[in-house]
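Participant: I grabbed these lines from TrEMBL:
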SIGNAL    1-19  signal peptide
BINDING   His228, His232, His320  Zn(2+) binding site
ACT_SITE  Glu229  active site
Amino acid sequence: MCDYEAAMLFLLIVPLVFGCNEISLNKQDVRYGIVGRHEDGNVLSNARVKRNAVWNYIRIEIFYDDSLKTFSDQKQVLLKELIEESRDYFSNTLMVDQEYWMQIEPECDGNRYKDVLDDAICENDCLPKCGDAVAPANVKMFSKCTCMGKKCPTDWSQYEGKLYNTDFVLFVTINQESCSSQTMAFASTCSLSLDTKRPISGFINICPDMFNAMKFNDKSRWSSTIKHELTHSLVFASSHFERFPGVTQVLQNDPITIIPGVVEKFTRTDWEVAGGIIKHDVYMIVTPRVRQEARKHFDCDSLEGAELESQGGTGTAGSHWEKRLFEVSL
């Protein structure tokens, strides 16, 4: 099973508990990591390079931001158990086109530019970050970075290098700032593979107020939430759909972007409401495996796909299954 559809099918069986605040990856925020061929270690310079795919179970490397230390020792242990449990789940169910090594493009303090070799040039400083997470020093995983007309304040030699035998880097942060009162966690993607456009790094932020209030019987709910959020970081976000294999056209639409073969709109002419029968537009994931599973679940051979949530604003519309159909689980 391909990585995209496997992750989406997983989200069909994970209930959404409390708030989900997935952050979409805007086009201007897209950063592409450098990956090396599994066969010989050479760099893949662009998406047109042909090579033999090496499919295997995803290898996820976890890095905890220093903000983890704001938790008690007991809470730190519990969170690591939950994160690693989710990592192990995906590492045993999700297959990707593996690479031999990777480098993540850094963030910049100030504007970001590229030199003739496509390396990053930052206006003020190179930042070893993914979202709010700061990568640990001396873990070399970032691509080359320099500062415009001066020496960078950050010693980039601590961070520049290749990370081997990893398919996805997950950063974990603890920060209440962007959490609503009912948000347990949120996640997003930081960088994509230049070759496959698959996410290769991302973060999950745990909302400390909710985590510290956890009761003994809340552990399973947190386990589901973390898996749910990691699925957003790995694949299930509206900002990722246009990069799916085979996509040739993207049609901007409100509230959801139409991507033929992935996300399509269907008009129901017999939609029943309190006032009678009306026309109603629904938006569906129509990839082959998702369509197959939706038809099986609803016992309907003519069903076009699985319906997406079309309300809720950025981070909800187009990035979750329709609540009235998939509220609990399949």
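Placement of Cβ uses the backbone N, Cα and C atoms for every residue, glycine included.
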Participant: How big is the Cα-to-Cα gap, in Å, between the residue listed as 'active site' and His320 (Zn(2+) binding site)?
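Facilitator: The Cα atom of the residue listed as 'active site' is 11 Å away from the Cα atom of His320 (Zn(2+) binding site).
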Participant: Tell me the coarse DSSP state (helix, strand, coil) of His320 (Zn(2+) binding site).
Facilitator: coil
Participant: Which number gives the other C-beta atoms within 10 angstroms of the C-beta of His320 (Zn(2+) binding site), all protein chains shown included?
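Facilitator: By my count, 23.
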Participant: Counting across all protein chains shown, how many other Cβ atoms sit within 10 Å of the Cβ of His232 (Zn(2+) binding site)?
Facilitator: 30
